[in-house]
Amino acid sequence: MALQRTQAFLLLLLLTLLGLGLVQPSYGQDRMYQRFLRQHVDPDETGGNDSYCNLMMQRRKMTSHQCKRFNTFIHEDLWNIRSICSTTNIQCKNGQMNCHEGVVRVTDCRETGSSRAPNCRYRAKASTRRVVIACEGNPEVPVHFDK
């Protein structure tokens, strides 16, 4: 419980620093960074089962109008995720060269195919695997989960 509070505090602190302009991606990059955080970052280690996916997909607003078919939650602290942006650039799926890869703990949530929004249902798969994220800005921050 104390670890969760600490991680939540650190995330809140970072968001506050962003708001104060002390860590300053551009406005467009900031919006994309905030979206990345909302859709993909959950430092809790409680992921891994179907109930987790059902709850988190709804909480993070990915089931309002239609069921998002697939989403990955990264279970690492924000600094570990941001450090991926300092690794060697690799090519993204769209051909751009602003992607980076790292190995992290994740929960992949895949929609079952038989549910309808807003009552979407997901199957979970927890693993430690290689991920590819796109980063932008100065300093670079993650803005897109590529694979």
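Each Cβ is built from the backbone N, Cα and C atoms, and glycine gets one as well.
Annotation comment: Swiss-Prot describes 1-28 as signal peptide. Residues or ranges marked as pyrrolidone carboxylic acid in Swiss-Prot: GLN29. According to Swiss-Prot, the dUMP binding site annotation covers ARG35, HIS40, LYS68, ASN71, THR72, PHE145. Under the heading active site, proton acceptor, Swiss-Prot lists HIS40, citing similarity to another entry as support. The disulfide bond feature in Swiss-Prot is assigned to CYS53-CYS109, CYS67-CYS120, CYS85-CYS135, CYS92-CYS99. For HIS144, the entry in Swiss-Prot reads active site, proton donor, with the evidence type similarity to another entry.
A map of Swiss-Prot features onto the structure.
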residue: HIS40; record: dUMP binding site; CB count, 10 Å: 19
residue: CYS53; record: disulfide bond; CB count, 10 Å: 26
residue: CYS67; record: disulfide bond; CB count, 10 Å: 19
residue: LYS68; record: dUMP binding site; CB count, 10 Å: 18
residue: ASN71; record: dUMP binding site; CB count, 10 Å: 19
residue: CYS85; record: disulfide bond; CB count, 10 Å: 21
residue: CYS99; record: disulfide bond; CB count, 10 Å: 22
residue: CYS120; record: disulfide bond; CB count, 10 Å: 21
residue: HIS144; record: active site, proton donor; CB count, 10 Å: 21
residue: PHE145; record: dUMP binding site; CB count, 10 Å: 18
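Counting every protein chain shown, the Cβ of ARG35 (dUMP binding site) has 12 other Cβ atoms within 10 Å.
Taking the C-alpha atom of CYS109 (disulfide bond) as reference, the shortest distance to any of the recorded positions HIS40, CYS92, CYS99, HIS144 belongs to HIS40. Among the recorded positions GLN29, HIS40, LYS68, ASN71, HIS144, the ones whose Cα sits within 10 Å of the Cα of CYS53 (disulfide bond) are ASN71, in sequence order. Sequence-distant neighbours of the residue listed as 'pyrrolidone carboxylic acid' (same chain, 6+ residues apart, CB-CB distance under 8 A): GLU136, GLY137, VAL141, VAL143. In this structure the residues listed as binding dUMP are ARG35, HIS40, LYS68, ASN71, THR72, PHE145; their two most distant Cα atoms lie 14 Å apart. Take the CB of CYS135 (disulfide bond) and look out to 10 A: across all protein chains shown you find 23 other CB atoms.
In this structure, the C-alpha atom of ASN71 (dUMP binding site) lies 12 angstrom from that of HIS144 (active site, proton donor). When the recorded positions ARG35, HIS40, THR72, HIS144, PHE145 are screened for a Cα within 10 A of the Cα of CYS135 (disulfide bond), the ones that qualify are HIS144, PHE145. The secondary structure of PHE145 (dUMP binding site), as reduced to three states from DSSP, is extended strand. Cβ neighbour count within 10 Å across all protein chains ranks CYS109 highest among the disulfide-bonded residues CYS92, CYS109. Secondary structure from DSSP puts the residue listed as 'pyrrolidone carboxylic acid' in a helix. Cβ neighbours within 10 Å of THR72 (dUMP binding site), excluding its own Cβ and spanning all shown chains: 18. Compute the center of the Cβ atoms of ARG35, HIS40, LYS68, ASN71, THR72, PHE145, which mark the site for dUMP; besides them, the chain residues with Cβ within 8 Å of that center are PHE36, GLN39, MET62, PHE73.
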